[in-house]
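Engineer: Have a look at the structure that comes next, please.
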Amino acid sequence: MLSAFQFQCHFILIFLAASKGETRYLEVKDASEDKPFLLLSEDLKKELSAGQIYRRSLRCIDMLSIEGQFTFTADQPQLHCTTFFIGEPEELITINYDSVNINCQGGDFLKVFDGWILKGEKFPSSLDHPLTTSQRYVDFCESGNIQRSTTSTQNVAMIIFRIHQPGNGFTITVKKTTNLFPCNVISQTPSGRFTMVIPHQHRNCSFSIIYPVVIKISDLILGHLNGLIIQKPTVGCAGVGDFVELLGGTGLDPSKMFPLADLCHSFHGSAEMKIGCDNTVLRMVSSGKHINRVTFEYHQLDLQDTEHRKENSIEEFCFPSI
C-alpha cells in the first residue's frame, strides 16, 4: 500500500512516469477522477522545438514539465490550488506573469515558491537553500507589477493560489534555462544517471528520488584541489567538511530523513546499496575549499532485488513501505 507521501508524490509524477513507460502507479484511484494531464508526444515536442509556443489551460491541481503559456480561469471558487513545475536536473524554471486578474483585497492570492512543499515538508530543505523560507515565497499581492518574473534555484518550483470569483484568473509563461552546476534536484523518473559537481562552493546539495531504489555510486572525489587528493581521517566522517551521505525516509525534506550511510573517502569503483524507502536522497556536503564530485546511477527497487542481498546493501531499512 502506498503511504500518504508516496501517493502525493506519485500523483504529481505519475504522468511523467507514464510517458516514459513507468506505469506501476497508474492504478492510484484518485488519478482517474480528473482528466489525464496532457502528455506531449515526441512529434509534438519536435514541433515545439521549432519555435512554436505551447499553450493550454491549467487545472486547480496540475503539473508542468514543459515550457509554454498557461492560463487558469476559475469556473467556481477555487480555494486550495497548486501547480507543480519540474525540469531536467540541469534546468532552472522561470515563471513570468503575463496577466493577473485576482482580488487580493477579497482574500485571493497567487504565490510562487522556490522549491516544493508537501505536507509541510520542503525541498530543498531550509539547511540546503540560500534563502529563508519566507524569502522563498514571491507573493503577487505584495509585489504586484514590481516583480513579474521569478526564477527557481533548482529544477522544481510551484505556484499556490486561491481565487474566489468565477471568471477571475491569470496567465503565466514558463521558460527554462541551463544550470551549469545543478545542486538540489528532484528526479522525474525512478531510474537514471547523474554527476553532481560542487566547485569550490560552501553549500549542500541533495538529489531526491521519490521511489525505493537501488543506487550505485561509481565515482567519488572529495577534497580534489589542484590535482591533489586531500587525505581524510580513517574513522567515520566526524569533523570532515566534505562528504556524501545517503538518506531515506517517508517525507520530502532531507533534513528530516534518516541517515543510512556516510562516505568521506574518495574512491573509483562501485558501491551499490538497496534502499526501500519512499524517498531516497543522496546529499553532498561541501566546505567550499575543494572541488567535489560524485557520479551515481539508480533504478527502481523491486521484489527480485530484495532476494539478492550483498554486504554493502541496506535494504532492511524502510522495507515495510513497499
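All positions are counted from 1 along the displayed chain.
Cβ coordinates come from backbone N, Cα and C, glycine included.
Since this is a predicted model, take the numbers as computed values, not measurements.
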Engineer: For Cys104, which disulfide partner does TrEMBL record out of Cys81, Cys141?
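Structural biologist: It is Cys141, per the disulfide annotation in TrEMBL.
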Engineer: Based on what TrEMBL records, which one of Cys9, Cys60 is disulphide-bonded to Cys81?
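Structural biologist: So the cysteine that TrEMBL bonds to Cys81 would be Cys60.
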Engineer: Going by TrEMBL, tell me which one of Cys205, Cys264 is disulfide-bonded to Cys237.
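Structural biologist: The record-listed partner cysteine is Cys264.
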Engineer: By a 10 A CB contact count over all chains shown, which of the disulfide-bonded residues listed here is most packed: Cys81, Cys277?
Structural biologist: Cys277
Engineer: Which entry in the list of disulfide-bonded residues, Cys104, Cys183, Cys205, has its Cβ near the fewest other Cβ atoms, using 10 Å as the limit?
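Structural biologist: Ranked by other Cβ atoms within 10 Å, the disulfide-bonded residues Cys104, Cys183, Cys205 bottom out at Cys104.
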Engineer: Return the residues near Cys237 (disulfide bond), defined as same-chain residues 6+ apart in sequence whose C-beta is under 8 angstroms from its C-beta, sorted by sequence, else 'none'.
Structural biologist: Phe243, Glu245, Asp262, Leu263, Cys264
Engineer: Whole-number answer please: how many Å between the C-alpha atoms of Cys141 (disulfide bond) and Cys183 (disulfide bond)?
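Structural biologist: That separation, Cα to Cα, works out to 30 Å.
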Engineer: Measure from the CA atom of Cys104 (disulfide bond) to the CA atom of Cys81 (disulfide bond) and give the result in Å, rounded to a whole number.
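Structural biologist: Counting only the Cα atoms, the answer is 16 Å.
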